[in-house]
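J.: These came from TrEMBL, pasted as-is:
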type	residues	note
DOMAIN	A:38-269	domain 'ABC transmembrane type-2'
TRANSMEM	A:48-67	transmembrane segment
TRANSMEM	A:79-102	transmembrane segment
TRANSMEM	A:123-148	transmembrane segment
TRANSMEM	A:154-178	transmembrane segment
TRANSMEM	A:190-210	transmembrane segment
TRANSMEM	A:243-266	transmembrane segment
Amino acid sequence: MSSITAHDAPRGFSLAKYMTCLTGIVWREGLRFLHQRERFISALVRPLVWLFIFAAGFRQVLGISIIPPYETYILYEVYIAPGLMAMIQLFNGMQSSLSMVYDREMGNMRTLLVSPLPRWFLLFCKLLAGTAVSLLQVYAFLLIAWFWDITPPPLGYLTVLPALILSGLMLGSLGMLISSGIKQLENFAGVMNFVIFPMFFASSALYPLWRVQEGSPYLYYVCQANPFTHAVELIRFALYGQINWISLAVVATCTIVFMIGAILAYDPSRGLARRGPAGGEG
Amino acid sequence: MTSPAPITEPREAAQKPDPAAVPALSIDGVSHSYGPRRALIDVSFNVAPASFTALLGLNGAGKSTLFSLITRLFGIQSGRVGIFGHDISSSPGEALRLLGVVFQPRTLDLDLSLTQNLLYHAALHGISRREATARSAELLGRIGLADRAGSKVRDLSGGQMRRLEIARALLHRPRLLLLDEPTVGLDVKARADIISHVRQLVTEQGIGVLWATHLFDEITASDDLVVLHQGKVLAKGPVGRVIAEAGAQDVNTAFMRLTGTQVMPGGGA
């Protein structure tokens, strides 16, 4: 029975084809990124402004006690570095989602979606490609930060990688989920105001949560419920060769939930087509 | 069968493929609504392998909606779309790998080179890098752009971009090619080049072509014709028969009689 179908064109796709597709999508995203030098520079300038200016100013205001994973008193710059790494990924996740909206409008998304490979796989590849781009940005940031005396243990540069991949996927999926809901490019400003800023400020990126708790218990709970807090903590611990299990669990769960949501929302039969008319005159 | 078709070349009818053959594309009772607005109403027609079928309709007739359904961009609300017998909803992978598409809006990466654009597309179809490189070089040679392989797409003319998009659509060797108003915005020479190139694909490689257009002069007597108006198929069949049945002399008058429009879409180009 099984050998009879051999003369026929094989159904389905081999693992090699999936891998070819994945590398192709990541490669194209990388090429596009290299062509958008302004995007790379602004992706770097943003966290560096925080590091060089904001952190320097805040150094005296905010004392950091010894909290895990740190074993000594640390400078404020050292404290916010993981938060800034996560911020890079947050912006990148939202920006790749913006590019998916742009792609969709420009018809490039159509090229992707007529690939015969399963659609969930194509979107997953897109997410991985966006994450790969965010890794380039984060490591470039770490390189510059090293000259600014932010020197995690050498092995930390390696142990942080899986954490960055996971947090990149989580934030990318969130971006994709949100991008399925916005109709026009201008609305990205809304995403900045209503997603990026609240997520960033209501998190442990800029201040340890015990300090937040002293100021406002309610905000403390908001921060605890914010997945971005856990992305920051996951990265912070991983950078020092440790695992924050709670953060890992939260980030992993959110990644799965956001990714499934994003893939379902992107399914044009559920999303595009139904939204097209409801969204009014497009 | 016996309908007089003075304008059709008789040869065409005789060359009709074996009736047992599966159609390259079958659209069967397809309807689609955007909310209360009905974009397609019970649309049915076939595209035979190795045939050139023109889908003629004014802007807004539903051509692009139909293309979005065939390419699985929209889910099918009712009816069935098959590509060589593979249902687009239930086995999209098998259907899509036999399908090449040239969309109406440009869908190339302007900042990437010609070769990079082709390699990306090949990767989306799971074609290995080595094979893809060979096919890209071959196709670029065929469309006369081999010497531009490394330049950015942004530097190409409109006609060259279209030729590249057609080459890209053929990279995975599909047996059905869809083109959505591919000559829009091109000059006379570029238009003629594209049309003759696609017709060559039909005769030499046996590819079934569905060519959406609103320009009468892109249709020749030996084509198959589907007239789409306000979401409905008003006529279908060999061009000569459609003209004869409308009691007209040419496609232009046949179209106006069928649709009751006074517009002359052909002049718009």
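Glycine is no exception: its Cβ is also placed from the backbone N, Cα and C atoms.
Can you tell me where each of these features sits in the structure?
T.: Here the transmembrane segment (A:79-102) has Cβ contacts under 8 Å with residues 29, 32, 39, 43, 46-47, 50-51, 54-55, 64, 70, 108-109, 126, 129-131, 133-134, 137-138, 141-142, 145, 150, 160, 164, 167-168, 171-176, 178-179, 182, 185, 188, 191-192, 195-196, 199-200, 203-206, 208, 228, 231-233, 235-236, 239 of the same chain, all six or more residues outside its ends.
Beyond its flanks by at least six residues, the transmembrane segment (A:154-178) meets 85-86, 89-90, 92-98, 100, 123, 126-128, 130-131, 134-135, 138-139, 142, 191, 195, 227-228, 231, 234-235, 237-241, 248, 251-252, 254-255, 258-259, 261-262, 265-266 of its own chain at Cβ-Cβ distances under 8 Å.
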J.: Quick test of the contact rule: Cβ under 8 Å, at least six residues beyond the ends. What residues does that give for the transmembrane segment (A:123-148)?
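T.: Hits for the transmembrane segment (A:123-148): 21-22, 25-26, 28-30, 33, 40, 43-44, 47-48, 51-52, 77, 81, 84-85, 88-89, 92-93, 96, 100, 112, 157, 161, 164-165, 168-169, 171-173, 175-176, 259, 262-263, 266.
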J.: Quickly jot the same-chain residues contacting the transmembrane segment (A:190-210) by Cβ under 8 Å, restricted to those at least six beyond its ends, or write none.
T.: 62, 64, 67, 79-80, 82-84, 86-87, 90-91, 94, 98, 174, 178, 182, 219-220, 222-224, 226-229, 232-233, 236
